[in-house]
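Participant: Before I ask anything, here is the structure I am working with.
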Amino acid sequence: ASEFEALFKASLPKGSSTISYKKNHGQQQEPISKAEILFRSYWRRTWIIGLWLTICFALFTWKFIQYSNRAAFQVMGYCLSTAKGAAETLKFNMALILLPVCRNTITWLRNNPGLNSVIPFNDNINFHKVIAGGIVIGIILHGGTHLACDFPRISGSDRSVFRQTIAANFGYQQPSYFQILSTTEVASGIAMVVLMMIAFPLATKWPRRQSPSLPKSVRKVTGYNTFWYSHHLFVPVYALLIVHSMFLFLTDNLVEKTTWMYIAIPVLLYAGERITRAIRSGFSEVEILKVSLYPGKVLSLKLQKPKGFRHKSGMYIFIQCPQISPFEWHPFSLTCGPEDDYLSVHIKTLGDWSCQLYSLFEEAILTGLKQYPKIYIDGPYGASSQDHIKYDIVIMVGLGIGITPFVSILKDIATRLKKSSINHAACGEGSLEKIPLKAYLYWVTREQSSFNWFTDVMKEIADTNQKQAVVEVFNFLTSVYQEGDARSALITIIQSLYQAKYGIDIVSRTPLHTQFGRPNWFNIFSKLARRHRGARIGKKTSTFTILGVFYCGPMTLARELEKLCTKFSTKTSTIFVFHKENY
């Protein structure tokens, strides 16, 4: 009875336990300024964007000045200079936009510690989008000034001025506006713009994810598949770009037709990557060892590990199912450890392709088919979660299926801890492989059945923690009222009694306790900052503890966590460095 009374009291609402991050009773801290924190967080992005803008501005200025001193300037004026300056930036950006999506090259480069420390490889997709924005601006300036200013001035200029300046470029016949539009260079340019006007909007977030805010008629023709196929319009766009660059009004000098010089190496590199990927994936049909279907429409595939396949924790692979489409490849985080002799992925049905894949395997299991659908893989590829090895203290936050990139990290840590214990027992020495001194995992999910996805992994972590408490896992079930709320008091009591008697959490079916409601991230960061505060050396010098924060999930929480990282880094002696998964 006394035990029940104690548990009941523990489940009742508690007073406010908000911890102030401004106080430090043990010692006075010298927090870092916000400017320094922002510099540390964004300096790599800043210098890359700054360099890109500088090059664009330099190219624009160079061509602007060059054409301001040519005879054609007398006919078209600064419209010509603006169009040609924008054209030069377009050449550069059309070449550059291919590099961030050369995934094999980026995965190889990020293995170089020197390059990885100064180039933000994790932001490759974001940089790809920024360059696309630069291309849109370039098209508006180049195409807009040509159509609205240059061409009308050519067709409507004084005949004597026309003859003295640019008549030779038009066969000594002054063209009309529509005659100019029908030329090869203009027609190819307009065709490029039309194709880009199809591809660019379909690549934005709302059409790609079939946002409910879009009209129903629009949602029917959008989605990931539409984005994927429309994005491959870049092939005819680049072909038209070459044609467009070889037929120019104002010059016959091949030396000035430099578009091919800009795009040759990036196009060859990207084409080489696609060919390598096609050849490699053609030989990468993998044997499916085990298929599991979990509640919440989650498909788990355990695959035979191809010979020579090596990966690091946090990496991802692309998967193709030719029965659905021979062209579509979709990225999924590996949920197996680097030391495992198999590969595994967990796929949640969130789109057309994943729904079809789930249905195919569900049908195969229900009908008792001996042969599963064919699966091809490509990879592995690097992701931001790989950077966890840079930190002694790691914080991982996963929302729902967003836990997947961190499962391989947990398994890797557990494996290394076991090796370390064996080596220590046998030789009196620890493992030479680096593992975090402390790792925290916060898994937030709405469905209780989600905890079934990785029951074995969580049990393994719980067993490992009995020997070395390196990993702390915090499960949050948001579909139940927060602990302390009277409406969740009964389930909290039952949960506590069951765990006290059997050592198993009744919600997650593992030894790891499940908390109810949404996490209070402010309190969580506050406790972490107090637990891992920096040390003070002498009277004026302070050292700072650096924690790596890794997140996989929707952008809404990403913004909140990033703000908290900046806030606590400036107010405490603990620095939180934020990383988000981008595929």
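Using the three backbone atoms N, Cα and C, a Cβ is placed for every residue, glycine included.
Bear in mind that TrEMBL entries carry predicted annotations, made automatically and left uncurated.
Residues or ranges marked as transmembrane segment by TrEMBL: 47-65, 186-206, 227-250, 393-410. The domain 'FAD-binding FR-type' annotation in TrEMBL covers 281-387.
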Participant: Relative to the transmembrane segment (227-250), which of 47-65, 186-206, 393-410 accounts for the most Cβ pairs at distances under 8 Å?
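Facilitator: Looking at each of 47-65, 186-206, 393-410 in turn, the most contacts to the transmembrane segment (227-250) are made by 186-206.
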Participant: For the transmembrane segment (186-206), what are the same-chain contacts with Cβ under 8 Å, counting residues 6+ beyond its ends?
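Facilitator: Residues 132, 135-136, 139, 143, 146, 151, 180, 213-214, 222, 226-227, 230-231, 233-234, 236-237, 240-241, 243-244, 247.
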Participant: Please list, for the domain 'FAD-binding FR-type' (281-387), how many residues fall into helix, strand and coil according to DSSP.
Facilitator: 21 helix, 38 strand, 48 coil
Participant: Can you give the mean pLDDT for the domain 'FAD-binding FR-type' (281-387), rounded to a whole number?
Facilitator: 87
